[in-house]
Amino acid sequence: MSVSPSKDGFIAVFFSFYKKKAKPLIHFFSMLAMTFLGLLLLTFVIGRLMPIDPVIAVIGDKAPEELYQKTYKEMGLDEPIVMQFIYYLGDVLQGDLGTSVRTANLVTDDILNYFPATLELATLATVFGILLGVPIGVLAAVKQNKWQDYLVRFFGLIGHSAPIFWLAMLGIVVFYQHLDWVAAPEGRLSVMYEYTLPKVTNMVLVDTIIAGNWDAFKDAFAHIILPASLLSYYSIAYLSRMTRSFMLDQLKQEYIITARVKGVSEMTIIWRHALGNAWVPLITVIALTYATLLEGSVLTEIVFSWPGLGRYITDALLAADMNAVLGGTIVVGLVFILLNLTSDLLYKVFDPRAK
Amino acid sequence: MKLIFNKTRRIVSTASLVLALSASCVFPNLASASTPKDSLVVGWQFDDIITLDTAEIFEFSGSEIAGNTYDRLIGFDPNDVSKIFGVAAESWTVSKDGKTFTFKMRKGVTFSSGNKMTAEDAAFSLQRAVILDKSPAFILTQFGFNEDNVKDKIKAVDAHTLTIETDKAYAPTFVLYCLTATVASIVDKTEVMKHEADGDMGFAWLRTNYAGSGPYKIEQWKPSEIVVLSANKNYWAGAPEMKNVFIRHIAESSVQQLLLEKGDIDIARNLDTEQLKSLAGSTDVKLLKKGKGSLYYLSMNMKNPILAKPKVQEALKYLIDYKGLEETVWAGRGQVQQAFLPKGFLGALEDQPFSLDVEKAKALLAEAGYPNGFDIELIVRNKSIRIDTAKSIQTTFAKAGINVKLIPMDGKQVLTTYRARKHQLFFGSWGPDYQDPHTNADTFAKNLDNSDDAKSKPVAWRNAYEPKQMTKDTLAALLEPDSNKRANMYLAIQKAHQKSAPFAFIMQEQEVAGIRENVDGYVLGPSFDTNYYKDVVKK
């Protein structure tokens with residue numbers, strides 16, 4: 001029995017499509033699924049191995065033993081840990097992340113509430129980081145081993161080594177207590193706007209703009225500016241060091257010498273040619289810095305009473321609130337994957353060789 | 001090169017200038033610190049709230065929110081707990097056999113939904129708490145109620161009359177005090193049942209919503225972020241003057257102090273010893289203090305052969321610097337109390353037979369066979385005042401050769417270890433569940449079964465302490481109708497307990513709130529559900 005040419009052609013086209021397009025996609029998604037599975041399994045096992053009784057988080061310390069045993073069974077803790085994980089996975093695949101025992105809310109709702117707070121803080125911090133970190137990194141590279149370079153490196157060293165808690169308290173004392181430049185470290189908004197502002201994105205800077213409430217926007221900005229600046233200090237410190245390093249590499253390249261010989265202005269050489277090429281590795285660094293900030297900065301969130309994801313996950317972990325911990329882990333995993341994908345795409349934009 | 005530098009500098013300067021200008025446009029007048037005149041703003045650590053349903057609330061912060069937003073049948077005077085008065089109930093009588101309590105409901109009480117409160121709401125609320133059987137349900141089920149009989153035992157005879165029939169003739173004050181607990185709050189039956197799902201009596205809904213009749217209603221609860229209360233204009237005892245109460249979760253006590261000093265909050269609830277000292281001379285801030293029911297104690301697990309020895313237990317009680325702790329670590333936040341009932345409770349023993357006496361302790365240890373001391377572990381929650389107290393214990397124990405290894409843990413971790421009887425020494429606290437002495441006697445002086453799989457695991461069990469006679473005496477005191485006789489019974493139990501139990505009671509907590517000078521009327525009661533906002537006014 002012979003295969004008709006058209007059918008044969010279809011199979012050939014199919015295999016060609018599979019090899020070129022579908023196979024990489026299937027490979028990508030199966031890697032993604034395995035990464036998530038591994039991430040969830042690891043978090044689940046760590047959560048269960050912690051010496052914290054999850055039943056106590058639900059019923060407290062004083063509940064009678066009968067209630068303890070009843071709740072223990074209701075939570076499925078009498079099942080083997082593997083089965084507990086399989087049940088959880090089944091729920092996740094159906095889009096059910098469960099209910100948090102600490103907040104009595106659906107974990108999905110909690111994440112939609114807490115993640116935007118972290119998102120706007122991290123985004124602002126990263127924007128500040130890029131705006132200041134990259135130029136001073138360039139300056140340090142151009143002025144290698146001069147006082148400007150030492151100053152930038154010293155600034156970077158402090159940014160890396162000073163405890164964030166101490167810096168945050170110092171910032172509050174200076175800019176809030178003495179200078180009155182920023183709003184109180186009490187959260188995202190003053191009480192007068194707290195439950196009057198319509199929620200659209202749950203990012204208050206954005207929601208105040210959508211509502212056209214400029215007083216509330218100013219208030220929100222005055223609340224975010226200090227924690228965002230403090231977090232950005234770390235980004236600035238890191239990005240300036242990395243920019244310096246990448247720029248030094250570029251400035252030694254032959255094409256720079258050629259450009260100088262051809263009489264291209266130093267400004268163009270530095271900002272267009274050298275920095276243009278330094279951006280390629282910098283994108284990965286920026287993406288990773290941003291991703292780290294998006295996990296939430298627990299100490300900053302505590303000091304500024306900022307209701308972010310980092311504090312949510314940490315509190316959940318300490319209360320053995322596994323649904324919340326795993327829900328948060330999924331978000332963090334997604335953030336890393338999305339930012340990696342974005343940086344891959346940007347690579348192609350900035351580096352013609354990658355196209 | 002100079003040109004490059006100048007241009008780079010110009011770019012950096014321009015960027016900085018743009019940032020500075022944009023900031024300066026925003027900053028002016030933003031940090032002007034003052035709270036709204038018609039609202040109260042409170043800074044507090046309330047991340048323990050896990051539910052708003054009064055049938056489930058068993059946390060300090062949740063109790064305080066419920067205490068300000070729900071009515072109960074009866075209440076007590078925060079300044080004199082022996083004065084019990086009607087709230088949603090106007091009056092009550094007790095039958096001759098001491099088993100039936102009849103309450104006449106107050107007329108004109110309205111829920112925030114607009115529904116009128118009747119005896120049916122009260123009966124439903126108590127029945128619901130028993131049927132749902134959440135953590136605090138035992139406060140009601142200890143009177144013999146269960147899912148099957150509660151609708152017969154607690155019922156509305158008519159719209160204004162409620163009867164409660166207990167299984168035994170308990171001391172009347174015991175029953176009444178239990179009815180002042182959060183779990184006995186009255187919810188709006190119509191509103192709650194409107195949101196019932198799968199026969200849950202509205203549980204899933206009420207965990208994050210409100211259906212009460214108190215002076216304030218709950219507008220919003222964002223976990224670990226904010227609680228917003230608004231005044232109930234129709235409150236039967238008159239609407240509160242503050243239209244809103246904003247309670248913000250401020251985790252850092254030093255930040256609470258800053259906000260209070262700047263006037264961004266009116267009340268700071270979690271000030272540390274050092275902050276209280278620095279605020280003591282302030283003209284803008286005053287300090288309000290109130291003895292709470294929480295007791296801080298050291299317990300010795302009798303599963304450990306060394307700690308099981310009575311002489312060792314006695315020696316350890318003489319190796320604690322009670323006065324020193326009160327004056328330094330606790331400075332204003334605690335008072336020495338060496339018995340299991342807090343001061344202010346019926347029959348509380350105020351004797352203080354123990355003080356730091358190293359020589360006496362050494363002699364007792366020698367008698368017990370440990371003249372050179374021993375090594376022991378102490379678990380403690382990683383909170384500053386607890387750690388500091390534990391460190392002091394470590395230091396004074398070392399004077400008698402006892403080498404204490406401190407093991408700081410997170411709160412839930414400590415409780416997991418303690419509940420499993422896996423500790424050696426434990427330092428922690430216990431807060432009463434209701435205002436009657438049985439609440440603490442039941443856990444510290446009663447242990448019906450010391451086996452590992454016991455059905456009841458009170459604190460005495462957790463330390464493998466099995467006081468047979470004291471258990472009988474505790475059960476007898478529960479049934480004594482005469483208050484004076486009952487008080488004497490508890491005094492006797494505490495004296496015996498003080499002498500022979502593996503517990504060293506050290507401190508009774510004193511809550512201190514920092515309050516702006518222009519704020520009056522805030523009440524700190526002996527329990528968290530008696531911390532009231534309703535009488536607050538601003539000058």
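A Cβ is built for glycine as well, from the same backbone N, Cα and C atoms used for every other residue.
Computed from a predicted structure; not experimentally measured.
What TrEMBL records for A:115-347 is domain 'ABC transmembrane type-1'.
Residues of the same chain lying 6 or more positions beyond the ends of the transmembrane segment (A:25-46) and with a Cβ under 8 Å from any Cβ of it are 81, 84-85, 88-89, 92, 322, 325-326, 329-330, 333, 337. Look at TrEMBL and you will find A:25-46 (among others) tagged as transmembrane segment.
Per TrEMBL, transmembrane segment is recorded for A:121-142 (among others).
Taken from TrEMBL, the feature transmembrane segment applies to A:154-176 (among others). Outside the transmembrane segment (A:154-176), and at least 6 residues removed from its termini, the chain residues within Cβ reach (under 8 Å) are 136, 182-185, 226-227, 229-230, 233-234, 236-238, 240-241, 297, 299-300, 303-304.
Distant neighbours of the transmembrane segment (A:220-239): 120-122, 124-130, 132-134, 136-137, 155-160, 164, 167-168, 171-172, 175-176, 182-190, 193, 204-205, 208, 282, 285-286, 289, 293, 297, 300, 303-304, 306; these residues of the same chain sit at least 6 beyond its ends, with a Cβ under 8 Å from one of its Cβ atoms. The annotation transmembrane segment is assigned in TrEMBL to A:220-239 (among others).
Annotated transmembrane segment per TrEMBL: A:279-304 (among others), in sequence order.
Beyond the ends of the transmembrane segment (A:324-347), by six or more residues, the same chain brings 32, 35-36, 39-40, 43-44, 47, 88, 92, 97-98, 100-103, 107-108, 110-111, 115, 280, 283-284, 286-288, 290-291, 294-295, 309, 312-313, 316-317, 354 to within a C-beta distance below 8 angstroms of the stretch. If you look up TrEMBL, you'll see A:324-347 (among others) marked as transmembrane segment.
Long-range contacts of the transmembrane segment (A:121-142) within the same chain, counting only residues at least 6 positions beyond its ends with a Cβ under 8 Å from a Cβ of the stretch, are 148-149, 152-153, 155, 205, 224, 227-229, 231-232, 234-248, 251, 270-271, 275, 282, 286, 289-290, 293-294, 297, 300, 306, 308.
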